[in-house]
Amino acid sequence: MGACMSSGGMIEVSEEDKKKHREAEKYLREARAKMSSQVKVLLLGSGDSGKSTILKQMRLIHRVPFSPGEIESYRQLVFNNLTTGMNYLFEAMEDMDLEPSEDVMSHVELVRNAVDIRDWEPFPADYFEPLRCLWDDPNIQKAYERGNEAAIPENLSYFYPDLERLFEPAYQPTEQDIVQCRARTIGITETNFQLHDHEMLMVDVGGQKSERRKWIHCFQDVTSILFLVSLSGYDQCLVEDKDANQMQDAMTIWDSICHSQWFKQTAIILFLNKNDLFERKIVHSDIKNFFPDYEGEPSDAKAGRDYFKKRFSRLAQKAGRSKEREIYIHVTTATDTAMLRVVMAAVEGIVLRSNLEVAALI
């Protein structure tokens, strides 16, 4: 039965309504308790922005060790990065009207047919000399220098100069090797960190276009968003779409996140990432060729950073973010653990403060 009027004019509440009220109160108490003890941070951004690298760095910063099985997986991934990266270069050279020099052509077929190594199997010794010769080939280096045209993996310049160490039979990946490893994020990865009196749940979802439809499943109870953009992507295509620009794609996603009703009360932290690569690249690749409204000097890294800061800030302001919640912007190099340690300390403060503010609204 519903509520009815008593003879004294007071509203009587049915036992069923009282029960629903008690259940609602219990739910709110549990929600407040959960939010006061756990913070949920969503890692978003387009593909190749460095999200998975940030997650690995967080594990190092918070001393969450990699298991022997994970280390072995990364060891195998290093070999895969070497051979797959070289094959990306072969494919790119076809579009660039380049080909490996005659004296290294005999090595191409071996690398094209490379297979993944098995558990605990050392890197095959017969690949060392072919990979070394191919990397040293002037034509392959020309293709690598034009890597922005074909989304060539940036970590090749980290691993290839160190081939001798990697091919040692007892090789085990260092922390920096693990940070530099590249693997496409498929699906959703959740990692827990202890943050003072709180548990931080960091959720990494795939950045490629085919993975973005899965993002909606992660939106509930989000305290903060850590949105990554590759600064060096201003002149690069997407891995999955050679006709699309990485930076333009990131701006499109950013705009949709800032407009989303899901995140009206969510703190958004923007990482303009890969600053080290950006500073090297801007010397020979003019931003104005890709963003005609850029008015800074062609090789001025600070002017370039300021330009992209303003572009992203303007999109946030148009979405009304300045009225609702502040946008926090950091310039980062995700592979630099020392830098990330300082930046993430500031970010964690923002996340905890945002968590308290959201909990107060419940």
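Yeah, the Cβs are placed from backbone N, Cα and C, and that goes for glycine too.
The model shown is predicted, which means the values in this text are computed figures rather than measured ones.
As recorded in TrEMBL:
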BINDING   Ser52, Thr185  Mg(2+) binding site
BINDING   Asp204, Val205, Gly206, Gly207, Gln208, Asn273, Lys274, Asn275, Asp276, Ala334  GTP binding site
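What TrEMBL annotates, mapped onto the structure for a quick look.
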residue : record              : DSSP (3 states)
Ser52   : Mg(2+) binding site : helix
Thr185  : Mg(2+) binding site : coil
Asp204  : GTP binding site    : strand
Lys274  : GTP binding site    : coil
Comparing the binding-site residues Ser52, Thr185, which residue's C-beta has the most other C-beta atoms within 10 angstroms in this structure?
Ser52
Inter-residue C-alpha distance, Asp276 (GTP binding site) and Ser52 (Mg(2+) binding site) (nearest angstrom):
17
Give me the count of other Cβ atoms within 10 A of the Cβ belonging to Asp204 (GTP binding site).
24
Binding-site residues compared (Lys274, Asp276) - highest count of Cβ atoms within 10 Å:
Lys274
How many Å lie between the Cα of Thr185 (Mg(2+) binding site) and the Cα of Lys274 (GTP binding site)?
18
